[in-house]
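Novice: Below, the features straight out of TrEMBL:
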DOMAIN    D:2-298  domain 'Phosphofructokinase'
BINDING   D:Gly10, D:Arg72, D:Phe73, D:Gly102, D:Asp103, D:Gly104, D:Thr105  ATP binding site
BINDING   D:Asp103  Mg(2+) binding site
SITE      D:Gly104  site 'Important for substrate specificity'
BINDING   D:Thr125, D:Ile126, D:Asp127, D:Arg162, D:Met169, D:Gly170, D:Arg171, D:Glu222, D:Arg266, D:His272, D:Val273, D:Gln274, D:Arg275  substrate binding site
ACT_SITE  D:Asp127  active site, proton acceptor
4 protein chains.
Amino acid sequence: MRVGLLTGGGDVPGLNAAIRAVVKRGEGEFGHSIVGFRNGWRGVVDGLSVPLSRQHIRNVLPLGGTLLGTARFHPHSKDGGLDAVLSTLEAERIEALICIGGDGTLHAAQKVAEAGVRIVAIPKTIDNDVWGTDASIGFDTAVTIATEAIDRIHTTAESHDRVMIVEVMGRDAGWIATTSGIAGGAEIVLAPEAPFDIDRIVKFLKHRHRAHASFSIVVVAEGAVPAPGTAMHYETQRGQFGEVVAGAIGERLKAEIESRTGFDTRVTVLGHVQRGGTPTAQDRILGSRFGVAAIDAITSGQSNVMTALRGERVELVPLEEVAGKVKRVPDDLLAVARALA
Amino acid sequence: MRVGLLTGGGDVPGLNAAIRAVVKRGEGEFGHSIVGFRNGWRGVVDGLSVPLSRQHIRNVLPLGGTLLGTARFHPHSKDGGLDAVLSTLEAERIEALICIGGDGTLHAAQKVAEAGVRIVAIPKTIDNDVWGTDASIGFDTAVTIATEAIDRIHTTAESHDRVMIVEVMGRDAGWIATTSGIAGGAEIVLAPEAPFDIDRIVKFLKHRHRAHASFSIVVVAEGAVPAPGTAMHYETQRGQFGEVVAGAIGERLKAEIESRTGFDTRVTVLGHVQRGGTPTAQDRILGSRFGVAAIDAITSGQSNVMTALRGERVELVPLEEVAGKVKRVPDDLLAVARALA
Amino acid sequence: MRVGLLTGGGDVPGLNAAIRAVVKRGEGEFGHSIVGFRNGWRGVVDGLSVPLSRQHIRNVLPLGGTLLGTARFHPHSKDGGLDAVLSTLEAERIEALICIGGDGTLHAAQKVAEAGVRIVAIPKTIDNDVWGTDASIGFDTAVTIATEAIDRIHTTAESHDRVMIVEVMGRDAGWIATTSGIAGGAEIVLAPEAPFDIDRIVKFLKHRHRAHASFSIVVVAEGAVPAPGTAMHYETQRGQFGEVVAGAIGERLKAEIESRTGFDTRVTVLGHVQRGGTPTAQDRILGSRFGVAAIDAITSGQSNVMTALRGERVELVPLEEVAGKVKRVPDDLLAVARALA
Amino acid sequence: MRVGLLTGGGDVPGLNAAIRAVVKRGEGEFGHSIVGFRNGWRGVVDGLSVPLSRQHIRNVLPLGGTLLGTARFHPHSKDGGLDAVLSTLEAERIEALICIGGDGTLHAAQKVAEAGVRIVAIPKTIDNDVWGTDASIGFDTAVTIATEAIDRIHTTAESHDRVMIVEVMGRDAGWIATTSGIAGGAEIVLAPEAPFDIDRIVKFLKHRHRAHASFSIVVVAEGAVPAPGTAMHYETQRGQFGEVVAGAIGERLKAEIESRTGFDTRVTVLGHVQRGGTPTAQDRILGSRFGVAAIDAITSGQSNVMTALRGERVELVPLEEVAGKVKRVPDDLLAVARALA
């Protein structure tokens, strides 16, 4: 069987573990030929394929990024893109395609599946907002990096009445902000799920610094917004791919807090460091399990499904149940962050 | 309300996150008095209590170990131990007790609960074998450390035909071995769940080294054993607390492999480094969530339950369902380790 | 003997190792009383002292920050500040004072020494620009953090023709930029010691991306500036303490590079994460050695000297030789960074 | 010019940085052809050469091990080995040879140099005992790993009266033991430079545990020995390459301490994890600087020299001054370890 494989969207650590698992299991156990496409969907459109076998995946487990390259490119949003995809897959005699990606890639996968291609998807996103799975590849590493940064900032308590803002990723969901905020012991966590009231924040900070503290940490997701009708007006600023402009909310919050409290306020924007470097053990394990599950699904005739972590098990969910939905941070987890502030 | 708190059994990273959450939530939200006992059940027997409030838990999130101390001590296995426990709890006017521990501590908790004390348990063990929960505090850090060690050993491929054995913890279940073996890319993983056949191992190693490789990594859980009726005879060696003697199976395997293959074979016994140091983000989050859930359970009148992770949710399970059972590595996860060898 | 101790200026990792060494050696070996002052020179002016003995320094080696607190405050630049210092030292019967700090603190120390106080200084600064010593406390940790960040950014090579700018600390000297640039494999390193020509940078990037690369990393010290007479005009922006405004040069460079090359260019400003968190082994060793050397110097009657690393040895240099000078990155090290681009 | 390059002896992190620097500088700046030999001197004897250019060294900075392979093999100790070396070098038209290695490799280099070959050596050894240089490649990473392990063990203070022994590398010199002991806060450091008296150790531990402590850490170099005439008799156990048998002194010490104090005593043998994994920033910088210096030395006509770190400078020292000498830990550094116990 000839199985295609691509990684789309932004880089995350753990992609190579999934690629390795697909190749090892597909080639070693079932004798499939694995055909990689470079740079996500763009490589399928452009016909950039590369045969993948065991020598290509040696020693890749600790490496960040993806050995296939990736791109933020969606064939369905480009005129003729879908035709080019079908044409390449036919020319390469691809019988099934494994797509590793986040919501954009999965959305494209759904369109390609509707055109008759057998697809198995593997979710990856540091934002952790893919619906239907407890975890996506890359999230654990991002939380680990953000927590380490908060730890570091915690010890730089040099001055009196300082507020440190740490802006982390999370466009539509505040998973990184909420979990790293809990793990790092942040005083305030701001997530898109719970629009904030700047007056309450300012009141809390003033009270806290008056009482005893000289130092507060605010972790803010890039997609956090003020609640309608509250004292601060702000709309999320987006770039050409719909991504949030790094630093925008962080800098804006700094200005508000500084002018309303008088406290020296600093912003650290973690940015790209959150999505690079050696993957955590969890992301390697998740990538490995998803890769094995994907090739097993294809081999057993499954189609148009996504691998998903459900508790301790890896299961398959229909792709159409997943596409277009956002998994938001549940109230009980937001409540834990608040309870420990 | 006066709530007691203890940490029992071996140290693991993440205990302080749980203690912090109990205190912050218990004192700050509900106004409870939190009374800590030193050194696990031993401190209850000996009446070693210490009031816990917010100043005791400052900056403890990144710290390994437990600020309360711990001990491998079980009151039910000591004559009069249970009476001393009840007497201390009465003297201290403890209305409910939060016990953080592994199977030994939970077993004791069950006995104390049967004597009429309100108990909420929180599972911790780097072995991850507490039944009824997807994860226990300390496991993620241990896997992270073991994976890092395997990564390091992977790059020391100086000689030809070398076999590196890495012995990790796991007395009754091979969670660390299986997951760190997957994450680190081990060639062979040996877990208590799947007794091994030394002949097959030797054959595999010879074949692999003849074919192309000069280097193989074997990850072995301390509790792994040969299958009955196979060529190697070995029984797990235990110390005074029933713990496995570190290095025993590793050294024995080394001798077998070396004599049967002629390959230079080395053992690294990770030992105590697996249970110390700063907790991973996941272990801090798990500890924090369990701590909040425990105090919420007590406040809402629950009793004789254990906090448990189930998928993305923290739930409560009856303590009696948990005690005495071992959560073993499921076949599908063992299969992933084998598939990627 | 009563010995005073303070930590001044910005936080760096490794300060606690030095404090611990002063206390262990001073109290344990010589029987001195160690008196700590809170928040640097401010604590001396305000008379905020705290006795330091062995129980205060337990388990502090892995902790970032300083258990004494610190402040950017210079008594000599405040009317009556010096008098307050002398008055506190007399009231506390301090016979000698150990000052741990960077150029600001050392400058103040020199003024206080001129007023007749016996001073031994210990150099700390992540910028590594204290004259007379091979290394200052905090530098190794900062380089380690910056290198790790560059590693992470290296793997996020998702798009074509992307330039990643990493702005690191280094106001007057580019030690962090140069060494982390070498360690992380940056294509371009910009340090204050070698004012840059934006035209050459742009030419290099265009050539490199045309030839083969899709990705370039530029590491820039916050104090880097364009050479006079070149195509870009920029002056370093400073805050109230003379510190450089974080992100200013990074954002400015981004704008220049993006407009002149058309390449997608992103900035990561490391900021405060560089000065926090657990110190590296080297910074703990350096802090420990300097602490021992300082108390030994005081005990043997030395005065107005600074501890200094010279090759493998710790030596003492006269404070007056050091104050007011900046140790710049030597040409041969800048040349290595250029050679490996 | 055709320049040969080999890495000999045990693996250490940072070798790839040196290889990369030799290639980038040699090929890019001077237009030399760089010829790598596989597996140290063995590859020269066997004629296993590989041309090295820029594409081979991409992304190797963070990788442990050596992309050339290595072996513990000395041509001068093998009949006809030297002739085979000369014959290969002539066949490959090698005009000068860069040898990266520890004492064994440098000794062989000296023999080859005496036979008329132009040699530049680069020192690497985690033991840090190469004479004539402040630091050798690999040492900083080893100290970092050992310190992290001691940190982890520090937090596992579960029981009363426990002694934790950490055995680290260091056959003839105790650099890792001394520096990681200082950085990790060990109570006792045992190095080959200062043969120990078991009676004093036992007395110290008993006193310490009686006074206040429940926990002590002993860091022991594998080459540490009891002083002649003291109560313990022990000789260092060696393997076929003269290397020390891992765990031997650690286990022996455990037996002595346990039987004489009655304290529960555990050993952790760090072993191969000390020499693997991603190199620290310092080791990458050192490797890079040494690589550049080596190729510059060759290009400027230097011969039979070793690159050496002297303070902040990289210098060249005659190979014959270095060979056969061991750089031991100086008394003042041993004294710091003792002072902080």
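Backbone N, Cα and C atoms are what each Cβ position is placed from, and that goes for glycine too.
Since the structure is predicted, the reported quantities are computational estimates derived from the model, not experimental observations.
What's the neighbourhood like for each of these?
Specialist: Within 10 Å of the C-beta of D:Asp103 (ATP binding site) there are 23 other C-beta atoms, taking all protein chains into account. Mapped onto three states, the DSSP output places D:Asp103 (ATP binding site) in helix.
Within its own chain, D:Gly104 (ATP binding site) has D:Gly8, D:Gly9, D:Arg72, D:His74 as residues 6 or more apart in sequence whose C-beta sits under 8 angstroms from its own.
Around D:Val273 (substrate binding site), the same-chain residues at least 6 positions away in sequence with a Cβ under 8 Å from its Cβ are D:Ile145, D:Ala149. DSSP assigns D:Val273 (substrate binding site) to a helix.
All protein chains considered, the CB of D:Asp127 (substrate binding site) has 27 other CB atoms within 10 Å. Secondary structure at D:Asp127 (substrate binding site), as computed by DSSP, is coil.
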Novice: Distance check, please: Cα of D:Phe73 (ATP binding site) against Cα of D:Met169 (substrate binding site), rounded to an integer number of angstrom.
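Specialist: Computed Cα spacing between D:Phe73 (ATP binding site) and D:Met169 (substrate binding site) is 20 Å.
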Novice: Around D:Gly10 (ATP binding site), how many other CB atoms lie within 10 A of its CB?
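Specialist: A count of 24.
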Novice: Taking the residues D:Thr125, D:Ile126, D:Asp127, D:Arg162, D:Met169, D:Gly170, D:Arg171, D:Glu222, D:Arg266, D:His272, D:Val273, D:Gln274, D:Arg275 listed for substrate, what is the greatest CA to CA distance in Å, to the nearest whole number?
Specialist: 33
Novice: Across the domain 'Phosphofructokinase' (D:2-298), what is the average pLDDT of the model, as a whole number?
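Specialist: The answer is 94, the mean pLDDT of the model over that range.
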Novice: Three-state secondary structure of D:Arg266 (substrate binding site) from DSSP?
Specialist: strand
Novice: Can you name the binding-site residues among D:Asp127, D:Met169, D:Arg171, D:Arg266, D:Arg275 whose CA is within 10 A of the CA of D:Gly10 (ATP binding site)?
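Specialist: The binding-site residues close to D:Gly10 (ATP binding site) (Cα within 10 Å), listed in sequence order, are D:Arg275.
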Novice: In whole Å, could you give the widest CA to CA gap in the ATP site formed by D:Gly10, D:Arg72, D:Phe73, D:Gly102, D:Asp103, D:Gly104, D:Thr105?
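Specialist: So the binding residues stretch over 12 Å, Cα to Cα.
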Novice: I want to check the contact list for D:Arg266 (substrate binding site): same chain, sequence separation of six or more, C-beta distance under 8 angstroms. What comes out?
Specialist: D:Arg162, D:Val163, D:Met164, D:Ile165, D:Lys254
Novice: Among the binding-site residues D:Gly10, D:Asp127, D:Met169, D:Arg171, D:Val273, which sit with their Cβ under 8 Å from a Cβ of chain B?
Specialist: D:Gly10, D:Val273
Novice: Is it possible to get the count of other C-beta atoms within 10 angstroms of the C-beta of D:Arg171 (substrate binding site)?
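Specialist: Around the Cβ of D:Arg171 (substrate binding site), 19 other Cβ atoms lie within 10 Å.
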Novice: Just jot down the residues in the same chain as D:Thr125 (substrate binding site), at least 6 apart in sequence, with C-beta under 8 A of its C-beta; none if empty.
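Specialist: Once residues fewer than 6 apart are set aside, D:Thr125 (substrate binding site) is near D:Gly9, D:Gly10, D:Val12, D:Gly102, D:Asp103, D:Ser136, D:Ile137, D:Gly138, D:Phe139.
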